[in-house]
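See structure below.
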Amino acid sequence: MVCVENIRFSYGDTPVLQGVSLTVKAGVVTTLMGANGCGKTTLLNLMTKNLRPDAGHVTLDGTDIQSMRLKEFARCAAIVHQKNSAPDDLSVRKLVSYGRLPYCSMLRSQRGEDLEKVEWALSATDMTALADRPMGALSGGERQRAFLSMALAQGTRLLYLDEPTTFLDVRYQVELLRLIRRLNRELGITIVMVLHDINQALCYSDEVVGLKDGAVFCQGPPNQVISQETIHALYGIRLEVCRQNKTLWVMTV
Amino acid sequence: MRDNAKRRLSTGLLACLILAVLTGALTLWAMKAGSLNVTWRQLISGLFVSYDETVRIIYDLRFPRILIALLAGAALSASGLILQAVLKNPLADPGIIGISGGAGFAAALVTSFFPMLYFFRPIFACVGGLGAFLLIYTLAWKGSLNPVRILLVGVAIAAVFSGLTSILGGMNSSSGISLEVSGLSMRTWSDVRLLAVYSAVGLIPALVSAPACNLMALDDRTIRSLGTNADRLRALLSLMAVWLVSSATAVIGVVGFLALLAPHMGRKLVGGNHWVLTPFCILLGAFILLLADTLGRLIAAPYEVPASVIMSVVGGPCFVVLLRKGDKHLGLR
């Protein structure tokens, strides 16, 4: 679905990515892993048209995303960032309805189809009961769910998440990841995310991509790819890796 | 289900209506009050029925300044509101951050060297304002716009432009030409026409741009991921805001704090939805500046205290209070 071909990128004189290539399969949860500064967020930004690569291409269903207009791209891929701001008195429903922006001009009022899609996105993320609440009254987890709901309202088949759980308590982290997993399983939405927590990455992904020194170090299902050696190579620390009926655990202490 | 949102919208519109009535009442009072005393009967008959010397003077001197105060107040307030949305900084005031200063300097330049271009003065002022805005923007930009940097850089730019304007004034004072474009006194009907044309060109798009201003409250990258180019939107809105400040500044000079206080009060009273907030702030700005001007005429009659002085005296302390309250938003804490 998404093809990254030999991407190079540098901030000024500091090279960050030196020839990254990978493919994201449709209908699958893919997680980018790696130590701080390995370029995973940069890679996500390149895949979402937030940055322009120095060399190489990112294609979406065969089309170079650089040649797509922003609006066009927003109809194909939605993004949830790690920290999002919204006015405190904005209602959740209003925020979610911004997700329909790629389909209408700013001045034209939304059509029935858009309103339906908004209600659908609210219910898919269990936000219907909170739809009339102002954003300022939400907890961190609910807030993040509201933004996920907005991304869903865009009606895309592809969803990018940039460390969506970083600022959440563990309960909300797990709830959000389960929700993301459910959206993938039930709606077939392809998910590409960056996660900080190794175990969450292993547990909730079908594929992991390990980045090291600005290049892809390993890619594949967590079971096949992750071992003590790869963890050591990616994060520079020896950690115990346990297997328990097909499930993989890394002792992060 | 959407009752809540609807109720909030209708409360907001009601607030606009009440404010409009108050502004109307204030205007009537401002027409009557002043060093030249007339009764209502005399005023009305002098305007519509028969010629009256006193009413004629009031018509020529007092009416234009009332209208100019209303228009300039509206333009300044709307521009402050848009700038605050665009810079994501609730303390951005075109007076404080030097945009008015740039506009005022350009207007003074035109007045001193090309007085025949009177009617185009706001356009030159707009060029000056844009110059100041670009300076602030580039100097405060470090990957993103830091709200505190905007204020600090803006204060410096405001000081430089105010100094430049003074130098220009000093150079010209010997030749006897006054370029004081400050204050609301001695305004004529031609000033009213000038300001009406230019501010209308800014105010109407400002009202229509409400959804864009609403959208600007989200993060730039969120806006981008929704398929809208935040930078382009910001450039357009900024141009509108600078235009509004400049047309007001070209006629009445630099007035600080109004563009800060009116939007702030507006947000407190009717919330952050620009569909309601923008018209409310336009009315509120008109109301406040006319009030300041009328009080300035009356406080020390027969002498006048300029509206800008009143705005500074009242606005300064309010700014400090807002600055303290805004710690969280500005990331100072």
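Backbone N, Cα and C atoms are what each Cβ position is placed from, and that goes for glycine too.
The following features are taken from TrEMBL:
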type     : residues  : note
TRANSMEM : B:12-31   : transmembrane segment
TRANSMEM : B:66-83   : transmembrane segment
TRANSMEM : B:95-116  : transmembrane segment
TRANSMEM : B:123-141 : transmembrane segment
TRANSMEM : B:147-171 : transmembrane segment
TRANSMEM : B:192-217 : transmembrane segment
TRANSMEM : B:237-262 : transmembrane segment
TRANSMEM : B:274-299 : transmembrane segment
TRANSMEM : B:305-323 : transmembrane segment
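Recorded stretches compared: B:12-31, B:237-262, B:274-299; the one with the most Cβ pairs under 8 Å to the transmembrane segment (B:95-116) is B:237-262. Remote same-chain residues near the transmembrane segment (B:274-299) are listed as 9, 12-13, 15-16, 19-20, 22-23, 26-27, 29-30, 33-35, 65-66, 69-78, 80-81, 85, 184, 203, 206-207, 209-211, 213-214, 255, 258-259, 261-263, 265-267, 305-307, 309-311, 314 (criterion: CB distance under 8 Å, separation of at least six residues from the stretch ends).
Same-chain residues lying 6+ beyond the ends of the transmembrane segment (B:12-31) with a Cβ under 8 Å from its Cβ atoms: 43, 58, 62-63, 66, 69-70, 269-271, 273, 275-277, 279-280, 283-284, 286-287, 290-291, 293-294. Among the listed stretches B:66-83, B:123-141, B:147-171, B:192-217, B:237-262, the one sharing the most Cβ pairs under 8 Å with the transmembrane segment (B:305-323) is B:237-262. With a cut-off of 8 Å between Cβ atoms, the residues of this chain six or more beyond the transmembrane segment (B:192-217) that come close are 64, 67-68, 71-72, 74-75, 78-79, 81-82, 85-86, 88, 118-119, 121-122, 223, 226, 228, 230, 233-234, 236-237, 240-241, 243-244, 247-248, 250-251, 272-275, 277-279, 282.
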